[in-house]
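Visitor: If you scroll down you'll find the structure; I have some questions about it.
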């Protein structure tokens with residue numbers, strides 16, 4: 001009885017273990033089936049796309065443009081600016097870092113598959129036809145290759161291709177500097193096909209004239225300019241090889257004036273004011289006024305030279321040149337004014353001394369006449385002399401005293417005519433005229449240039 005119960009218990013345990021093992025094995029078997037099926041499906045997709053690409057490139061000639069002999073190839077373009085600047089005034093160029101996008105349709109690359117878009121490796125770009133785009137006003141362009149070539153290529157199932165690359169471009173920016181430093185410029189970026197005329201390849205903007213060129217919010221790298229906006233357009237040029245379309249994007253810049261106010265304008269204004277301090281010094285202070293005049297002239301010369309160092313050597317005068325020239329004229333005029341005052345001061349002293357000497361001579365003659373009359377009256381009178389005094393000898397102090405007193409009075413009169421610490425009439429006028437003229441000039445200058453809208457040739461202003 002005990003043996004039977006024991007055998008039943010063992011059989012029950014064995015059956016239970018068998019059921020559990022079967023359950024576990026069946027569970028793990030079903031859980032692995034989807035994984036293997038997904039892997040098989042992935043491998044199948046890779047195989048399909050590999051066959052698609054091999055089939056697309058089989059017999060493909062990248063030397064021929066799409067639609068050759070049938071239609072004009074249309075290339076749609078747009079630009080995303082990641083970094084704008086710096087701008088060089090001396091070289092008249094600017095640097096820009098962009099994502100340059102081009103899109104076109106190539107019917108030879110149509111495919112049918114489980115996906116509508118194929119993201120492709122950049123190596124495939126060398127095996128298919130791509131537009132021969134070049135930048136007309138580019139001085140130097142760099143295609144980034146770190147860590148791999150910064151290029152993107154996508155293929156739609158209808159044969160539409162998107163080709164994007166990252167470029168750093170140094171381009172020419174013609175500048176008209178007549179209004180410098182209150183000037184504005186439109187720096188162009190021009191590109192188009194190098195070999196294909198309009199009869200074969202045409203370029204159009206992808207998103208119209210408003211959103212085809214976009215600048216990142218933190219993309220400005222400008223210290224002396226404000227980036228006011230950008231506009232796009234197209235140009236057509238005719239050459240001996242045909243008519244070509246040029247895509248143009250203008251970046252509108254407005255110069256910041258703060259740096260030049262601190263470095264040039266304020267020093268010039270202070271130098272002119274300093275030169276006018278000499279009008280308030282005595283005209284006899286020749287050394288002090290000479291130092292004022294010469295120092296301010298040399299200072300203005302130094303400022304004019306340093307102001308030109310940050311500009312290209314243009315043949316015309318800028319707004320800053322006119323300001324410096326007028327300030328230089330005021331400073332130089334102050335020096336000439338002092339020379340004039342000094343000249344007339346010395347001449348006035350000489351003229352006053354001459355008049356004093358002539359007046360002294362006239363008085364001397366009058367006194368001699370009076371003295372002669374008194375002497376004659378004294379000699380003709382009936383005077384009795386002591387016996388011990390001869391008659392020929394005049395009384396003591398009557399003959400030499402008038403002569404000595406006349407000479408002393410002449411010298412005192414001549415010296416008294418030289419009035420020191422006096423104010424020249426020219427200085428009085430200069431104290432009023434010079435500040436008024438300089439203040440009027442500043443009002444006219446700043447009102448003219450700050451309120452005038454700069455004219456930019458060859459570009460429309462951004463809206």
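Yeah, the Cβs are placed from backbone N, Cα and C, and that goes for glycine too.
Copied straight from Swiss-Prot:
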type	residues	note
BINDING	101, 164	4-aminobutanoate binding site
CROSSLNK	355	ubiquitin cross-link
CARBOHYD	45	N-linked glycosylation site
CARBOHYD	145	N-linked glycosylation site
CARBOHYD	207	N-linked glycosylation site
CARBOHYD	236	N-linked glycosylation site
REGION	387-408	region 'Disordered'
SIGNAL	1-25	signal peptide
TOPO_DOM	26-260	topological domain 'Extracellular'
TRANSMEM	261-281	transmembrane segment
TRANSMEM	287-308	transmembrane segment
TRANSMEM	319-340	transmembrane segment
TRANSMEM	429-449	transmembrane segment
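Help me understand the surroundings of these features in the structure.
Guide: The Cβ of residue 101 (4-aminobutanoate binding site) lies under 8 Å from the Cβ of 77, 78, 79, 80, 162, 163, 164, 206, each on the same chain and at least six residues away in sequence.
Sequence-distant contacts of residue 145 (N-linked glycosylation site), defined by Cβ-Cβ distance under 8 angstroms and a gap of at least six in the same chain, do not exist. In the three-state DSSP scheme, residue 145 (N-linked glycosylation site) is classed as coil.
Note on residue 207 (N-linked glycosylation site): other Cβ atoms within 10 Å of its Cβ, all shown chains, come to 13.
Cβ neighbour count for residue 236 (N-linked glycosylation site) (all protein chains, 10 Å cutoff from its Cβ): 10. According to DSSP, residue 236 (N-linked glycosylation site) is assigned to a strand segment.
Long-range neighbours of the transmembrane segment (261-281) within the same chain, counting only residues 6 or more positions beyond its ends whose Cβ lies under 8 Å from a Cβ of the stretch, are 288-289, 292-293, 296, 299-300, 303, 306-307, 320, 323-324, 327, 330-331, 334-335, 337-338, 427, 430-431, 434-435, 438, 442.
Taking Cβ pairs closer than 8 Å, the transmembrane segment (287-308) reaches residues 263-264, 267-268, 271-272, 274-275, 277-278, 281, 320-321, 324-325, 327-328, 331-332, 334-335, 338, 342 in its own chain, all 6 or more past its ends.
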Visitor: In whole Å, note down how far the CA of residue 236 (N-linked glycosylation site) lies from the CA of residue 207 (N-linked glycosylation site).
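Guide: It is 20 Å, counting Cα to Cα.
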